[in-house]
Amino acid sequence: MLAKRIIPCLDVRDGQVVKGVQFRNHEIIGDIVPLAKRYAEEGADELVFYDITASSDGRTVDKSWVERVAQVIDIPFCVAGGIKTIEDAEKLFAFGADKISINSPALADPNLITALADRFGVQAVVVGIDSWFEKETGKYWVNQYTGDEKRTRQTNWQLLDWVQEVQKRGAGEIVLNMMNQDGVRNGYDLTQLKLVREVCNVPLIASGGAGEMVHFRDAFTQANVDGALAASVFHKRIIEIGELKEYLYAEGVEIRR
């Protein structure tokens, strides 16, 4: 059985790490490189960097910090933000990224997933999905351009359909960003994760809602996700990664320590 992964997420805007609540009202957390180094030293299994306004601004990831991060950490890291072409991805891999993640550009052109998977291998291609639960209808919708609240739009894709579509096209991993839960720290949406897990045959990473150690345990044991991604609880030292891993190990979760 593969060890479960603990993944700090760093949302990047204008060269700094920021964090919002439900993808809005972002506050500055600090500089990218020292934070990345800290997480690697504290025992993170992997890091994810989202250049959150790249897609909505119509540009690709600001590459200047990617190379600097690669120089100071020795764990895998994934980069996302406005990657629309093979060339965009090639540059990020050349600077040291281990994986790239696409989200809004995949919705704009689903063939991009296949092109990237064919060129770099499925193991290097992650698809991020921003889901929104519509209480009135009980449906989960996929949103696009969520890095800019003025441009965020609901697509015509329902969540489970899109999860199946991206797998057919070559996604090697899915990060599910559950927008209703984002930054509110009251737990991952286990109902949603279980629904996605039933149709997801590639590694599934939960994102949005972690506030306590038990939330990580529940995502792993109840929804059988492969990794749990979190931001504010790590940025604000509400949870220390080393302590979290000891707790999960004691709770019977297969984890790298």
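Keep in mind that glycine also has a Cβ here, set from the backbone N, Cα and C atoms.
For Asp11, Asp130, the entry in Swiss-Prot reads active site, with the evidence type sequence analysis.
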Which whole-number value in Å describes the distance between the Cα atoms of Asp130 (active site) and Asp11 (active site)?
14
Hey, which of the active-site residues Asp11, Asp130 is the loneliest by Cβ count within 10 Å?
Asp11
